[in-house]
Amino acid sequence: MANQFVLVWSLLLTALTVCCLTSASDPSPLQDFCVADSNSQVKMNGFACKNPTTVRANDFSFSGLHIPGNTANAVGSAVTSATVTQIPGLNTLGISMVRVDYAPWGINPPHTHPRGTEILTVIKGTLEVGFVTSNPDNRLISKILRKGDVFVFPIGLIHFQRNVGHGNAVAIAALSSQNPGVITVANSVFGSKPDISADILAKAFQLDESIVRKLQWTF
């Protein structure tokens, strides 16, 4: 009898654990779609749903990933996004994509996506890609990719790409969120508004404060 009680209690605890773990992730859609209503005044995690009777095909489409981005900038790359902002029909579906263009030796600088894992495929050129594992190992995992190769960047980890070919390069990436977000490390650290105190960054990066201020001025 006691053994049966322990077994039942264990099953209940397991069921509760699974339930809690499931509810901690994004819930599955409860209808066919929930097209984002950008005009809604309702504040929520995501976007309120548009009236289904007003939904049209354009809510699920975007034209633009065939157009090369302008890479004439300091890092030599450009990202064209197809997230819920561009495609309202992505709301609640947990997916988006981007096109990344790279000038010769251009980089997509170290950054993270706080809300999504990324899977990238090279359409044109040769890319050096990599990500860094979390503390305390901080291990760099990197690889050279060529046309047709695929690489995964786990959610939240700092990662980058660099064009190591002689011509322009292009990649397409899918992300496991309608709005994965992006935190570019240098911009966030040295370009915050207001500035992080220079003495804090000097100690963190083991730099002279004058160098930190110069970096802050740059970003």
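Cβ coordinates are placed from backbone N, Cα and C, and glycine is handled just like the others.
Take the candidates Cys19, Cys49; TrEMBL pairs Cys34 in a disulfide bond with Cys49. Calculated from their C-alpha atoms, the gap between His111 (Mn(2+) binding site) and Glu118 (oxalate binding site) amounts to 12 Å. Each residue in Val98, His111, Thr112, Leu120, Phe153, His159, Ala173, Leu175, Pro180, Val182 lies on the same chain as Asn108, His113, Glu118 and has a C-beta within 8 Å of the C-beta centroid of that oxalate site, without being one of the site residues. With respect to their backbone Cα atoms, Asn108 (oxalate binding site) and His159 (Mn(2+) binding site) stand 9 Å from each other.
Only His113, from the recorded positions Cys34, Cys49, His113, place their Cα within 10 Å of the Cα belonging to His159 (Mn(2+) binding site). Look at the Cβ of each of the recorded positions Cys49, His111, His113 and count the other Cβ atoms within 10 Å; the largest number goes with His113. Cα of Glu118 (oxalate binding site) to Cα of Cys34 (disulfide bond): a distance of 23 Å.
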